[in-house]
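Novice: One structure, as structure tokens, below. Some questions next.
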Amino acid sequence: MENSEGVKIESTVVTEEPLISALDIALFVVIITVAYFWYFKRDKQSSSSEKKPYTIQPSSLSSIEQTSNSSFIKKLKSTGRSLVVFYGSQTGTAEEFAGRIAKEGARYKMKGMVADPEECDMADLVEMKEIQKSLAIFCIATYGEGDPTDNAMDFYEWLQNGDADLEGLNYAVFGLGNKTYEHYNEIAIYIDQRLEELGATRVHEIGLGDDDANIEDDFVSWKEKLWESVCSHYGIEETGEESNIRQYKLVDCSEVLPERIFSGEISRLKSYENQRFPFDVKNPYLSKIAVNRELHKSGDRSCMHIEFDIDGSKMRYDTGDHVAVYPKNSSELVDKIGELLNADLDAVFSLLNTDEESSKKHPFPCPCTYRTALTYYLDITSNPRTHIMKELIEYASDPKDQEKLKPMASSTPEGKKEFHEWILRDNRNIVHILEDLPSVKPDLDHLCELLPRLQCRYYSISSSPKVYPKSIHITAVLVNYTTPTNRVNKGVATNLLAQLIPTNDELPQPTIPIYIRRSQFRLPPKSQTPIIMIGPGTGLAPFRGFIQERDYARKEGREIGEMVLYFGCRKKDEDFIYENELQEYVANGTLTKLHLAFSRDQPEKKYVTHLLEQNADELWNIIGEKSGHLYVCGDARSMAKDVHSIIVKVVMEKGQMTNSQALNYVKKMEQQKRYSADVWS
């Protein structure tokens, strides 16, 4: 009945409807709607795919607003500024230096702003000449094997590939590097030279900061001479006005709802409760600790083997990559600051940039409690820089404490000596300073503004994804040492990791935020290529992954080349890490040779460098006659330099070359990625 009745009704409608029926209109609306959403979704996806890595844009910004925000020239013009300071920063130091320069600009009638090149259209540099007495300063760090920082990569490539006319652009460059690395300040030097090639005018000579010595001293000395050059170039004079002006203002957030308060997230609110792929520097993955075991057999030192569970995260890594670990400060130190400053650490606050045009609204995720800021966001264990000492003077109620601080805030030879001895040599952090100068009681919000951001720690991954696709392994020495003032300083990350012990029961497993940083430290494309690995101590870490990968290939039936490992530690019975694993690889043929140096097992110390000198024929056979690859991992200050010298000597003697020819040969090996180093100082 219902079916026949339905047909009858349909028949009646057909005979009475006009040329365009309601059904046609409905279908037309549906088609238009689908086409509309398809077009704009595609456009949105296309736009999204072109975004730079690590850039998180607020979802409420329109495309027009985003374009406008990328134009630093418009911001300079609209706010009457003539100074822009760009930073290429991996750890936050270059960004801090940039902020200090921009702040001091006011003393020279140059209103300044800080800019992240990743968030700017750097092609706008050609328009700087339109702004009267304009100046662009670049604080640029070099990291790794002469690599630009992540946020300066696009700018670096733009300079390499472009040919913009930068005539009329006035500039200066300060580089942040480390002399223990071969490619010391390479990126800053390139940018300084390339800007000149493109027609820009260098207002002041490049400054090269050495983090292995005293980069703060290098920066302050350069900065003072910079302003002398600026005054001479533009015909201006210093106003004499102090620049101790707050960059951020305190906002009381006691009425903010709990769900709107940050509790340790790096960027996105509640990101640890609602994890979203992809995971990167601003969106780390909260990984469970699957394994945490001691590697040392005895002795008073500790070395941990830790495995991070990445199952289900969609994270992928390659052998030789690094994993970044986000640490947190100890509650003991945080509570101590609250006690010394008589502060309520659980008060909710926010720091809001007084510069409304700045793209950086807060120094760290806000609003949050002081306890959260001091635990997750601020570095309270490193040595404070001189500008912090200067800001602390106004909070010292005791004249003796003021007199102690004043020279260390200056750039006089006496002040530099006092700073070096009292801060650097004695290894004082902000907690120690507040303890030793009891009348110094800075406002906690101002202290939060002054302290640098707590940075993630990078570790060489000591596993192969071929063997362990669902976990990431690291090998980390626990850092504990006594300072000259008889205080015990503890490594922020390693001491936290030491506490994260997985349990065998149903309790939630300990977790820590991580992400993967890509590396150029790679095995040869062909598994048959012979390799030499030099890794004393925890320098063994990436080579454990290399060996696992070659072992995996061997078990698959593929031919693998010679693998020679040089490993050293103090004592065989104490700190020979992964001993059983290595011996097994030797037994099954994956590891061709294992050269061991135990420095304290005999009267005369014996290091891997001694073994290298003894095995010159083997070295030349692999790197010279068989075009093999050589890898070094570990201490950059002495070990890596000594290895480089030995390799050059071997090439000279066995390859019958002059010193100049041998240096060129080794340089070519580096360019061909046949000589790679993963080192730290």
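Yeah, the Cβs are placed from backbone N, Cα and C, and that goes for glycine too.
TrEMBL feature annotations, pasted as is:
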- 89-94, 141-144, 176-185, D211: FMN binding site (BINDING)
- R301, T538, S599, R600, K605, K606, Y607, V608, T609, D642: NADP(+) binding site (BINDING)
- R457, Y458, Y459, S460, T475, A476, V477, Y481, G491, V492, A493, T494, W680: FAD binding site (BINDING)
- 20-39: transmembrane segment (TRANSMEM)
Novice: Quick one: of the binding-site residues A141, Y184, Y459, G491, which has its CA closest to the CA of R301 (NADP(+) binding site)?
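Specialist: Closest recorded candidate to R301 (NADP(+) binding site) by Cα: G491.
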Novice: Taking just the CA atoms, what is the gap between Y181 (FMN binding site) and T475 (FAD binding site) in Å?
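Specialist: Pair distance, Cα basis, whole Å: 22 Å.
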Novice: If you count other C-beta atoms within 10 angstroms, which of the binding-site residues R301, R457, K605 is the most crowded?
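Specialist: Per the Cβ count within 10 Å, the most buried is R457.
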Novice: Roughly how many angstrom lie between the C-alpha atoms of G144 (FMN binding site) and S599 (NADP(+) binding site)?
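Specialist: Cα to Cα, G144 (FMN binding site) and S599 (NADP(+) binding site) are separated by 28 Å.
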Novice: State the Cα to Cα distance, in Å, between S599 (NADP(+) binding site) and V477 (FAD binding site), rounded to an integer.
Specialist: 18
Novice: Sorry to bug you, but what's the C-alpha spacing from R457 (FAD binding site) to G92 (FMN binding site), rounded to the closest Å?
Specialist: 13
Novice: Determine, using Cα-Cα distances only, which of these binding-site residues is closest to N178 (FMN binding site): Y459, V477, K605.
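Specialist: Comparing Cα positions, the candidate nearest N178 (FMN binding site) turns out to be Y459.
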Novice: Between the binding-site residues S89, Y459, W680, which lies closest to T609 (NADP(+) binding site), Cα to Cα?
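Specialist: Answer for the nearest of the binding-site residues: W680.
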Novice: Select one residue from V477, A493: among these binding-site residues, choose the one with the most other Cβ atoms within 10 Å of its Cβ.
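Specialist: Result for the most crowded candidate: A493.
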Novice: Of the binding-site residues S89, Y184, K605, Y607, which one has its Cα closest to the Cα of Y459 (FAD binding site)?
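Specialist: Result: the closest of the binding-site residues to Y459 (FAD binding site) is S89.
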Novice: Fewest other CB within 10 angstroms, which one of the binding-site residues S89, T475, S599, T609?
Specialist: S599
